[in-house]
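In TrEMBL this protein carries:
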type	residues	note
SIGNAL	B:1-26	signal peptide
TRANSMEM	B:247-274	transmembrane segment
TRANSMEM	B:281-300	transmembrane segment
TRANSMEM	B:306-326	transmembrane segment
TRANSMEM	B:389-413	transmembrane segment
TRANSMEM	B:434-453	transmembrane segment
TRANSMEM	B:473-497	transmembrane segment
TRANSMEM	B:504-522	transmembrane segment
Amino acid sequence: MSAHTDTMLYLDGVSVAFDGFKAINNLAIIVKPAEMLAIIGPNGAGKTTMMDIITGKTRPDTGQVLFDGRTDLTRLDEAAIANLGIGRKFQKPTVFESQTVWDNLEMALKKPRGIFSTLFYTASDDDVARITEILETVRLIARKDELAANLSHGQKQWLEIGMLLAQDPKLLLVDEPVAGMTDSETEETAKLLREISQTRSVVVVEHDMSFVRELGSRVVCLAEGSVLAEGSLDQVSANPVVIERYLGR
Amino acid sequence: MLILRALRLVLLALPFLLLPSNAIRAQDAATDIPAAIQAMGEANLRELEQIVADLAATGSDTVVPVLTALGDGNLYLEETSGAVLIERGSTYLEPLSGEAVELGADADLSKIRVNNGLRRDIAAALAGMTLMSDSPARRLTAAQGFLANPDPANIPLLDEAIAAETDANVLKAMQAARAVTILGDDEQSVADRKAAVPLVASGAGRNALTILNSALNGAPEELAPTIQSAIAGLEQERAIWGALQNVWFGLSLGSVLLLAAIGLAITFGVMGVINMAHGEMVMLGAYTTFIVQLVIRQNFPGLLDYSLLIALPCAFLVTGAIGVGIERGIIRWLYGRPLETLLATWGLSLILQQTVRSIFGPTNQMVIAPTWMSGSTEFFGLSITYGRFWIVIFAIIVFLLLLMVLNRTALGLQMRAVTQNRRMASAMGIRTPFVDAMTFGLGSGIAGLAGVALTQIDNISPNLGQNYIIDSFMVVVFGGVGNLWGTLVGALTLGVANKFLEPYAGAVLGKILILVLIILFIQRRPRGLFALKGRAVEQ
Amino acid sequence: MLTQALFRALDKKAIWVIAIFLAVAVLVPMANLLIPPGQYGHVPTYLVSLMGKYLAYAILALALDLVWGYCGILSLGHGAFFALGGYAMGMYLMRQIGSRGVYGNPVLPDFMVFLNYSELPWFWLGMDNFWFAMLMVVFVPGLLAFVFGFFAFRSRVTGVYLSIITQAMTFALLLAFFRNDMGFGGNNGLTDFKDILGVSVQAQSTRATLFAATAIALALSVLVCSMIVNSKLGKVMIAVRDAESRTRFLGYRVEYVKLFAFTVSAIMAGIAGALYVPQVGIINPSEFDPANSIEVVIWTAVGGRGTLIGPIIGAIVVNLGKSWFTTTLPELWLFALGALFVFTTLFLPKGIVGLWHQAWGRMRRKTEHAERPAPPTPAQSADIERGEDPASFGHEAQPKPAE
């Protein structure tokens, strides 16, 4: 275990099967602190299942999943893992549509999550300032009192990223963040993620190759539940197996 | 016996052809039967005793009516002619031939009196005689009579009969009777009595426990352990049969639950629709049966025995059509909102109940069981009523048919496809709305079939369905949704568990316990016994 | 902290609702006691009790709304909590009869004498003390809800499954309370009450007081609910309703949020039951009937769930309708109720309050030509309505196999 102290996320030998179908097969991935990792791969490669395993939604059949080099994530539930400092953005933007943008962020804000501390919670000036700051970062300040349901698809993506920021996690899992965004928004997102990765670990799953290129990070290509290739984007996309299985000739 | 048969053949040609054959055998015996009977008229008690013994010793069946009549006080002396006659109602019979006798106007009848001691002798004599009878059935009855009233004096008689017996069943009964007699006789040796115990235990049937227990009361010390162990063995055996009987009752209840729940398993499992009006579909099926029988009784009384069979397709079509109507009219607007569906169908169930109540009144209606469904049979130690038996069979047939529809027909294939991936199914050209309607209709139709079966065990009232809806949901939830086998196992398990809890906890408390156990079970396995797994399920 | 929470609770519309019911608590008893019969404005005593009954129902509907409208838990067993509170009150009232019962036993209630009890069962001890009985009114339903909810929510029993097992719970209690040897009077329940706190239950002034107590309890319930739903916890509850698993990924313990709402709600239901029993004079096992619990759901749905005023309006309107039907057209009542279920779910998903909002919003838009953004489209709000994981948002209304 001590060997993994310099990792933020450590997966080794992870397998999970649904009714005999191996969604994840002997997967091994390492993310270091303050490092960005992009994960690419065809549909059904197990990207979302991998995120489910890390965040406690799915229990792996075998394998080791360690956070911060010491915490065994396979024993914890979703809430406990989230409170450890792992934030997740879903493939489909999932924000609380019947509540305002502000309330969405207020709920995400890193504060005690207990029943009575939330019942008697009153936003302090610091909290208000922090939420306002995030709203500016994700460019939703003008729409802070609107229902999240009224946002466009791209804006919902931004709101969810904002909620991630409000959670102040050590590790961010971001599933297809730029789907439905315009080119300039995509560019902004890449910039924001690069900025975040200065201080935190970020795992991005994305199909958009130009976006992955902009991230400029290490890339892992998944296929059929295990790692196909690893390295810089150029290295991975030059890999003949990757071309065969994913990119196409 | 061979000689007798040969003799009989010879005698066939003789003029007294119509005489009972045994009368001829009697003529060979030492006692002259007609004379002995004649003598009864004037005999005093002691002489009568002797005559009874002599008659009994002939072993002839012909003397049985006389002795019976004497014991019952129906034997009379006609003073003027000196004839002895048997009284039957207002006529008098000749004791040997059994022919009625015309009495003259001057007839003077007096009863031949007997006392209690003589009555006992007569009873014993009759039993002894029937023990030697030609008919195995009669010999069996006699042996059972000895078993019920053991008397050490009969042991030699029994020994004799056992030696001559050829029928295995009768032999067993005689041995049991002998064993019971020996066991109950203090004068027999302990070793003999010990040897008798297992015979009593195996041969004395339902009374064995009582006999052994009463024998245990006065038993000497050496004998007691043998009897006790025999009692323990019997009690264990009885417990096993009791358990089997309970299993049967449980299966019978389980099959009713299965019938009620299986339609629900389709609508809930395949479509995700909570149909709170499902119970009312069952109720409508029962009322359809009632109407069908009413029509048949008035117009085609000859078909009355088949009214249930005729009601089956009618009930299926009626409730199925109503189901399709409900799906098209209400449920399709509420897909994806299970809680609203629950409320709307509950409202519907209130309307259906009240409609039936307005038409048929709140009182219970009756459906008469066909002859082939009434009565019961003994199957080893189990008592099985035909009604229950046919319901179990019916439930199995419905289950298998449904399994076949789902797995072997085009509709079943489409239903499964729609369950697994609605969009894809739609893209493949399956008319999903049609499949939805048919699925719901099928589930409702099966509820109607359940209603037909329930007419045989429950009152037909507007509230009929209410009694089953919660149980049905429990079955589906317990068995796991979307899995017919789960429903089968769930229904049978709950049925059997219910019947096993009942003797210990009482019917109501047993039911409460079951509900509590299911609630606890759902905590453990929120998706039921046979749950589907995988990522697809969670989304 | 608490003062801030209270202050937050009192803003918006809640303060009006609370003020109205406090005013009702004063005015109706005054109209009953001070204005002599026959004079204009007099409220007859039977009407006071009838209105008191409706207000107790309103508390029950509000309690259900807290779990269903705000937290997405459709409980089909809230009648059980109501009845348990009612039984606790009924036990106190039984003990107050003393030796005035038919059998004249100073300790044992009539039914126990009849059933040959030699002494009070242990759970009847202390119920002659008003404060202890009132403690039981909140404790027993609260404890049941806590234990039941703890197991159910921890193992993530949700949606219709939860609805069905809550129904099974109340059904099991129904069967249990029908049993004579449970020690709760079996079939007949508890009735023939004489005194409450030393005054006659039947007296006009007692009836007026009970009404006032019910109205005040309703006002307090609105205050408590308003405090909860306007807090951050209330927002988390709505988040749980709309997207349970997403809330979990934010680090909230969904099971505890639900458990809190469920327990608070059960306690409110218990209090409603306790106020109901002395006003109607009887509590019997039929209160546990699953049909009653579902009727509560329809009150809430008709009024408008997810609002504080909706369930109160719904409870009063539906029960007024029920009273009218059962006196004038009794055989049609079940048709009307059934139709109400179907109609509300199909055409009035947001209830009367939603309808009013819609009408009001349309009127305002017309007059102001407001540049305010459009309200959520019907499709979107239907999605939210469903209380589903947004992962499935955007689908058309289509059946899904049960999970």
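Any Cβ shown, glycine's included, is placed from N, Cα and C.
Just so you know, TrEMBL annotations never went through curation; they're auto-generated.
Panel annotation: around the transmembrane segment (B:247-274), residues 281-282, 331, 335, 338, 341-342, 345, 382, 384, 388, 391-392, 394-396, 398-399, 402, 415-416, 418-419, 436, 439-440, 442-447, 449-450, 453-454, 457, 468, 471-473, 475-476, 479, 481-484, 486-488, 490-500 of the same chain, lying at least six beyond its termini, place a Cβ under 8 Å from a Cβ of the stretch. Outside the transmembrane segment (B:434-453) by six or more residues, the chain places 256, 259-260, 262-267, 270-271, 273, 275, 278-279, 281-289, 308, 311-312, 315-324, 326-328, 331-332, 391, 394-395, 398, 402, 405, 411, 414-415, 418, 425, 464, 468 with a CB less than 8 A from a CB of the stretch. Under 8 Å from some Cβ of the transmembrane segment (B:473-497) lie the Cβ atoms of residues 246-247, 250-258, 260-262, 264-265, 268-270, 399, 402-403, 406, 419, 514-515, 517-518, 521-522, 527-532, all in the same chain and six or more residues away from its ends. Outside the transmembrane segment (B:504-522), and at least 6 residues removed from its termini, the chain residues within Cβ reach (under 8 Å) are 474, 477-478, 494, 497-498, 528.
A Cβ distance under 8 Å defines the sequence-distant neighbours of the transmembrane segment (B:281-300), meaning residues of its chain 6+ beyond its ends; these are 260, 263, 275, 307-308, 310-311, 314-316, 318-319, 322-323, 352-353, 356, 360, 365-368, 444, 447-452, 454-455, 458, 460, 462-465, 468.
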